[in-house]
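Here is what Swiss-Prot records for this protein:
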BINDING   Asn12, Arg23, Gly200, Gly221, Phe222  3-amino-2-oxopropyl phosphate binding site
BINDING   Asp14, His15, Arg50, His55, Thr105  1-deoxy-D-xylulose 5-phosphate binding site
ACT_SITE  His48  active site, proton acceptor
ACT_SITE  Glu75  active site, proton acceptor
SITE      Glu156  site 'Transition state stabilizer'
ACT_SITE  His199  active site, proton donor
Amino acid sequence: MSKAPPLRLGVNIDHIATLRNARGGRHPDPLRAAFAAIEAGADGITAHLREDRRHIRDADMQRLKAEISKPLNFEMAATDDMIRIALGVKPHAVCLVPERREELTTEGGLDVVGQQASLGPAIARFNDAGIRTSLFIAADPAQIETAAKLKAPAIEIHTGAWCDAITDGDAAKANTEWQRIFAGAALARSAGLEVHAGHGLDYATAETISELPQIVELNIGFHMIGEALFVGLGETVRAMRAAMDRGRAKAIAA
């Protein structure tokens, strides 16, 4: 049997911008963090331009697109304003996510089933512009099937509930959530979708999920930025890459 396809690491730099914005000014610079992550082995950079601009700002996206040597993944809500901005930036990819101003971080997956009327045209516009679109969704069959129906090239499976259950020591819930991810990744791949995953991943959970051969990209940020305070960003990227490689070595294509 053949080995699983290569697994990409997208490093999310949002919380470098969170730290910068705590005092204002330009330091620490998210672009510098992107350079460091790429030098350490990141395959791409992810940044979320939220409507309230709480961390990443418009100018950050422009600078990232202009200056980094790896693909830029532009996370965004599917609003008219954000679509306009993304089409102007022309990133390699966009990831459409749900967004509420009162949340601390993205709390759940996108309701693709309930928002087909607005998401379909947005996906079509990005496809026409040559920008790969992924939809950040729970590993739910109806959501996955609708994503394929809308001709989204990719999905990103929300791993937060699984990671939270592991952190909370709830083995039963963790197993239930893992089975959903396992089945969802297989269903998405069989539907012709490229499969990514992210949210709440640390070294251990990244290693585990890397065993799933259908998944070709992980987008990870908060854990690595937190660890970087103690050991440096380059070291955290290398450690995450090593964890993913250990998991991938156990995976073989079905």
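Glycine is treated like the rest: Cβ placed from N, Cα and C.
Recorded features from Swiss-Prot, shown on the structure.
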| residue | record | DSSP (3 states) |
| --- | --- | --- |
| Asp14 | 1-deoxy-D-xylulose 5-phosphate binding site | helix |
| Arg23 | 3-amino-2-oxopropyl phosphate binding site | helix |
| His48 | active site, proton acceptor | strand |
| His55 | 1-deoxy-D-xylulose 5-phosphate binding site | coil |
| Glu75 | active site, proton acceptor | strand |
| Glu156 | site 'Transition state stabilizer' | strand |
| Gly200 | 3-amino-2-oxopropyl phosphate binding site | coil |
| Gly221 | 3-amino-2-oxopropyl phosphate binding site | coil |
Alpha-carbon spacing, Phe222 (3-amino-2-oxopropyl phosphate binding site) to Glu75 (active site, proton acceptor), which is rounded to whole Å: 15
Pairwise C-alpha maximum, in angstrom, for the residues (Asn12, Arg23, Gly200, Gly221, Phe222) that bind 3-amino-2-oxopropyl phosphate according to the record: 26
Integer Å distance between the CA atoms belonging to Glu75 (active site, proton acceptor) and Asp14 (1-deoxy-D-xylulose 5-phosphate binding site): 10
Listed binding-site residues (Gly200, Gly221), ranked by Cβ neighbours within 10 Å, top entry: Gly221
Recorded positions near His48 (active site, proton acceptor) (Cα-Cα within 10 Å), from Arg23, His55, Glu156, His199, Gly221: His55
Lowest local Cβ density among His15, Arg23, His48, His55, which the record lists as recorded positions, within 10 Å: Arg23
Spatial separation of His199 (active site, proton donor) from Asn12 (3-amino-2-oxopropyl phosphate binding site) - C-alpha basis, Å: 10
Greatest C-beta neighbour count within 10 angstroms, which of the recorded positions Arg50, His199: His199
Neighbour tally for Asp14 (1-deoxy-D-xylulose 5-phosphate binding site), based on other Cβ positions within 10 Å of its Cβ: 21
Cα-nearest neighbour of Glu75 (active site, proton acceptor) within the listed binding-site residues, His15, Arg50, Gly221: Arg50
Subset of recorded positions (Arg23, Glu156, Gly200, Gly221) lying within 10 A of His15 (1-deoxy-D-xylulose 5-phosphate binding site), CA to CA, in sequence order: Gly221
Alpha-carbon distance [His55 (1-deoxy-D-xylulose 5-phosphate binding site); Gly200 (3-amino-2-oxopropyl phosphate binding site)] in Å: 18
C-alpha spacing of Arg23 (3-amino-2-oxopropyl phosphate binding site) relative to His55 (1-deoxy-D-xylulose 5-phosphate binding site), in angstrom: 12
Least buried by Cβ count (within 10 Å) of the recorded positions Asn12, Glu75, Glu156, Phe222: Phe222
